There are 2 protein chains.
Amino acid sequence: MSDHIVSSYDTDLQNLRRSIAEMGGIGEKMMADAANALVRRDATLAQSVIAADSRLDGLQREIEERAILLIAKRQPMAVDLRETISAIRVSGDLERIGDLAKNIAKRVVAISDQPQPQKVVVGVQHMSELVQEQLKDVLDAYATQDVTVALDVWARDGGIDALYTSLFRELLTYMMEDPRNISFCTHLLFCAKNVERIGDHTTNIAETIHYLVTGETLPTDRPKNDRSSFATVAPQPEA
Amino acid sequence: MSDHIVSSYDTDLQNLRRSIAEMGGIGEKMMADAANALVRRDATLAQSVIAADSRLDGLQREIEERAILLIAKRQPMAVDLRETISAIRVSGDLERIGDLAKNIAKRVVAISDQPQPQKVVVGVQHMSELVQEQLKDVLDAYATQDVTVALDVWARDGGIDALYTSLFRELLTYMMEDPRNISFCTHLLFCAKNVERIGDHTTNIAETIHYLVTGETLPTDRPKNDRSSFATVAPQPEA
């Protein structure tokens, strides 16, 4: 293989990495903005999150096409093949993260005129900050191919799932206390669920980093602490 | 290229098609069983849905690995390349459909001892039947590469989104009427959301069929009728 071909191949991989980094930056910003819009009831900021999503969708399609072309044209082996596959996977996760942030933003618009017990927003905000940290760490780990940091993100997701389950119960309780909270808290429940799912995508990225660096696939049965699907809250006895 | 290589390549593609069909069958059954378990409050059936999901996860990984290997080894062109890429995409959607059906099943287990106004379950059941039909049609369209049927599925998803939005409002209203409905209706809301998302994945598959057959990508801005992210319901004045 001539140097020319090798260097052009390296350029292709570099470009993939750059596009993933761009997607990561947009995804992080969308998530942070969506969370801030929720806390501040800022419908304008929420609209900007909704508008940002199409760029992420476009980048994902582009990365997927370029990666497939790369595999077909250059037949990469070993770590180069894994990096190309990883680019496809990570761009898919980042695209979904954008969708979820956009959905939070849409709900911010819906509830901006509803009475909002600030106390319950704080729980979602706290969860969201943890997930933003996860996303930042996993994107850094991807850029530096650091499997230790990736595994740390992977392990920490259990804490976020547990937080979500307790938030789920808390929100049900608020709804039972006062029916005026129901519309707002329902949207907040879906926001919290979206944040939890963004957390799941960060662990997917962590799994991809592990595969990229080691060539091994992590077990699928990561212990999940999201018990919210099984959670119910008994209504208070009539006053 | 020798006949031997060509025929082995055809075998690889055939095997991919067979695995996708197997995934489709499992996904359809999981969805139907999850919906039936919800209507009949059948926790045993729900458990069987939860158990079925790992087979779907395993198949998806297998298909992805085999497809990538195929691209690297055989460098398929034109429609063969598109079919290999489509196999990766469709298996991803079917894996997500399994996850969503499994999540419905988990919620059936959670609410099996809750008081359940049967009336509200009927709405989710109706929506679920429409989505099952979509899933069946799109899997048939994939097997026969029928782009007309695929486009029909793609267009029909708007009706399901509209149904979901009206169900969302209805469930909020039940919750406001009686706090004893809140736990149950919240889980039902998430079930309905999961059904709606399964509908989204059937339209993804329809888009993939269009790409597979025509080589063209459908516009991303399919008109969505899911307005539930923007929906709120005002509580009734105190009686």
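Each Cβ is built from the backbone N, Cα and C atoms, and glycine gets one as well.
Taken from TrEMBL as is:
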- B:20-108: domain 'PhoU' (DOMAIN)
- B:125-208: domain 'PhoU' (DOMAIN)
- B:217-239: region 'Disordered' (REGION)
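Taken as a whole, the domain 'PhoU' (B:125-208) shows an average pLDDT of 94 in this prediction.
Residue counts for the domain 'PhoU' (B:125-208) under DSSP, split into helix (H, G, I), strand (E, B) and coil, are 81 helix, 0 strand, 3 coil. Within the domain 'PhoU' (B:20-108), the DSSP-based counts of helix, strand and coil residues read 84 helix, 0 strand, 5 coil.
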